[in-house]
Amino acid sequence: MRSRQRVFAAAMRLLLRCLRLGRRRRCTLVRQAEQLWRYGHLCLRSLLYNSFTNGDVVLDSLFEPVYWLVDHVTRWFGVVFVALVIGLTSSVVAIVYICLLPLILQTYTPAWICWHLAYGHWNLIMIVFHYYMAITTSPGHPPQAKDDLTGVSICRKCIAPKPARTHHCSICNRCVLKMDHHCPWLNNCVGHYNHRYFFSFCLFMTMGCIYCSISGWEMFRDAYAAIERMKLLEKERLQVAANQTYYQTPPPTFSFRQRAFHKSVVYVWVLCSSVALALGALTLWHAALITRGETSIERHINKKERQRLQKKGKLFRNPYSYGSWDNWKVFLGVDVPRHWLTRVLLPSPHLPHGTGLSWDLPPCVAKQRTPLLSI
């Protein structure tokens, strides 16, 4: 009996000793894992430490693969987007000439016919001209010779001086003078030399779509009602044909030409109305930026600078803004009153003020404002 108790006591002591050793080993492993984690975290922070790091920088770093994918997809699909714009615009113009113009000539009064012919062709010419110029005109790039170039900062990707209002386009892989954005619908950057063409195209395209939507509203209602009536009569015709005993299919109620005409009118109205809403919102946005004398990129930069100076009790002032009216004159290149006709209402390939390398006071500005960043 005593021998059994001794054996049991010895086994219990051995078990307790094993448990203590297991705890020590587990505690040692936990301590080693904590030390490795702290050491790795310290090494990572030492490699990635930056005094300017904040939530925005971390978010941009996380989305960098997405930006890379978008840049490369946009670069390859730019030609597709341009072909889509040309195809849709050509389809609308073809339908107007083939289907709507004969109807207008037959039913409208001579005064309305003259109005539609004059305004429609003027708007079409302005759209085609500005879109062609926006695609083919280079936005402007800093010169390759860096000796005479005064840069405000250094581009991190080009490793070259950047003039004021110049930014690097990751899609074109070049710095662009007064860059606004890269437009996939143009397959080109919007910059100093083609910004006016881009905005004019958006404006006249919106005006043309609104014109088609308003003038074709009655035709759209009639065409839509005709299509619904076609569907109803077609359904009734099929039901009657199913109850008959002969095998010959009865002739269609409406001809192919009538169906194509009504569907084309609906297609034109829906497409123009959709483009007018979407492109109209974009045009208003860019009009507000032009009124403030800034680009899409500068809006974000100025917003952060305004908030930074506001915390210090200072006031931010855009050095490239000359007032709402003068900003529009500088943007459109209006130096004298007749330029509103020759350069705004008619196609004009005139160059913008300045070279995009320096920003002196344009001659069309009435008086110079104090270009201070803060007061």
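Each residue's number is its place along the chain shown, starting with 1.
Each Cβ is built from the backbone N, Cα and C atoms, and glycine gets one as well.
According to TrEMBL:
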TRANSMEM  76-100  transmembrane segment
TRANSMEM  112-133  transmembrane segment
DOMAIN    153-300  domain 'Palmitoyltransferase DHHC'
TRANSMEM  197-220  transmembrane segment
TRANSMEM  265-288  transmembrane segment
Query raised in the report: What are the helix, strand and coil residue counts for the domain 'Palmitoyltransferase DHHC' (153-300) according to DSSP?
Result: 90 helix, 16 strand, 42 coil
Report task. Tell me, roughly as an integer, the mean pLDDT over the domain 'Palmitoyltransferase DHHC' (153-300). Result -> 87
